[in-house]
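One structure is given here, and the rest of the page talks about it.
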Amino acid sequence: MAFSYSLGGATLKTLKLAAIPSYSSILRPSLLLLSPPKTLNIHSLHHFIKNQSFPYLSRALSVSAPVPTLQTEDDKVLKLQWKAAIDFKWIRENKDAVASNIKNRNSTADLDLVLELYERLLNLQKEVERLRGERNVVANKMKGKIEPSERQKLIEEGKNLKEGLATLEEDLIKLTEKLQQEAQCIPNMSHPDVPIGGEDCSGLRKMVGSPREFAFPIKDHLQLGKDLDLFDFDAASEVSGSKFYYLKNEAVMLEMGLTNWSISEVMKRGFTPLTTPEIVRSSIVEKCGFQPRGTNTQVYSIEGSDQCLIGTAEIPVGGIHMDSILADSQLPLKYVAYSHCFRTEAGAAGTATSRGLYRVHQFSKVEMFILCRPEDSDAYHQELIEIEEDLFSSLGLHFKTLDMASGDLGAPAYRKFDVEAWMPGLGRYGEISSASNCTDYQSRRLGIRFRPSSEQPSSNSKKGKANVGATQFVHTLNATACAVPRMIVCLLENFQQEDGSVVIPEPLRPFIGGLDRISPKS
């Protein structure tokens, strides 16, 4: 989407759709009934239909923080974009395992091309080092007393070496960039217990409750919202486009109550609350393991800048400690972040998954995020899942927790559990949260390390300026505490009454002014 116009003398920046593979967190992208156009001007805006102990873990594919440069002979600095610290040697030595993982995850990564580029890079590096060595030999010879004719010969030889070296160094930059682009498509390795196959192959971890039996004809959340005057999709469509909405009356209180309740409950488990920026640099999106460019649009990017709207608070929270060395005593770091999220939801979803609040372009979400020692990440993954299950159980929801199959894992996820709640109005289960262990896939890209307590402690310095010896990359995990629109869907549909009212679950009542029921307006 792109639009630009002036308002009160200020020019609004242009938004352009950029692509990202499926998010590992809640609300996976699906196809819309109509695909959004690549660009949109203000005149057509209202028409727009608008992520220990397993042997592979120690070599998780991922990124170092510094931006590499090459100094040429004429002092021209060739600068690369951020560089992923991918262990290409390990990939080459474990080619079969990596290839199998790529296949199992339905990834489009081209492993053969990556290895081919890597071999070419090694050979080019050797040639560059050879020429540098010859250049140094020539330079040393010119320091002594030599005949003028010999000096002139050395000058010519040095000039030729300089020109040849400059060409090779430029080739090295280009080859490195190409290798990075291809290698960054390789997904994280998968937990050995991850089921192999598509979403239908996912394993059942837990089933909580059973579907409520209704003694009257049930309504879906769209009809309930209309009868109770809670939503306005029509006005939002005129103002912003399809898949936007206004919340009204008690629905506004419900959103705020759900947000405050979930943050309050998670804080009891030792999480630090945050609100986050909702615009981030596209490089941060990339470092978190997503691709904000391409044709499969999932990210709104701001045209003429290097910025994007976030699709999940996981991205800005992941950037808080970017390029830092943390003290062992600081771990684990636990955050619970509130933000709005923006997703293009491009693609072709059936009507069952696209109706009403279920799949929208903008929504509020409370996200949990943990940075921990590598040996602790499996345990914290279990903790995140248990927090989610405790939250949804306390509201009286019927849901199941799934161990997601390999074909449904986003690139950063080593393992992912989804929670799907029963939505009687829609007549099916719908995803309301997910919890992912990303091991060190993101932290290597973001440059987040820690110094084990056996080493001398160092300051939490930015840009890695402290002594970086004997440091390790942290593991990162993320999980959804509350995706507000889908929770509203669950609450309205599951707790509707025969008289048209909706009962508010008891844990939420203190957070919405003591309201215990939403009743039809007289």
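Note that Cβ sites are derived from N, Cα and C of the backbone, with glycine treated the same way.
What TrEMBL says about a protein is an automatic prediction, not a curated fact.
According to TrEMBL, the feature domain 'Aminoacyl-transfer RNA synthetases class-II family profile' maps to 268-505. Under the heading L-serine binding site, TrEMBL lists THR312, ARG343, GLU367, ASN478. The feature ATP binding site is assigned by TrEMBL to ARG343, THR344, GLU345, VAL360, HIS361, GLN362, PHE363, GLU431, ILE432, SER433, SER434. Residues or ranges marked as site 'Important for serine binding' by TrEMBL: THR480.
The average pLDDT computed for the domain 'Aminoacyl-transfer RNA synthetases class-II family profile' (268-505) is 90. SER434 (ATP binding site) sits 6 Å from THR480 (site 'Important for serine binding'), taking the CA atoms of both as reference points. Cα-Cα distance from GLU345 (ATP binding site) to GLU367 (L-serine binding site): 19 Å (rounded to the nearest whole number). Among the recorded positions THR312, ARG343, GLU367, ASN478, THR480, the ones whose Cα sits within 10 Å of the Cα of ILE432 (ATP binding site) are THR480. Spatial neighbours are here defined as Cα atoms within 10 angstroms of one another, and by that definition the neighbours of HIS361 (ATP binding site) among the binding-site residues THR312, ARG343, GLU367 are ARG343. In this structure, the binding-site residues GLU345, GLU367 were compared by how many other Cβ atoms lie within 10 Å of their Cβ, and the smallest count belongs to GLU345. The separation of PHE363 (ATP binding site) from ASN478 (L-serine binding site), Cα to Cα, is 18 Å. Of the listed recorded positions, namely THR312, ARG343, HIS361, PHE363, THR480, the sparsest Cβ surroundings within 10 Å are found at PHE363. ARG343 (L-serine binding site) sits 16 Å from THR480 (site 'Important for serine binding'), taking the C-alpha atoms as the reference points.
For the pair THR312 (L-serine binding site) and THR480 (site 'Important for serine binding'), the C-alpha distance works out to 9 angstrom. Other Cβ atoms within 10 Å of the Cβ of ASN478 (L-serine binding site), summed over all protein chains shown, number 31.
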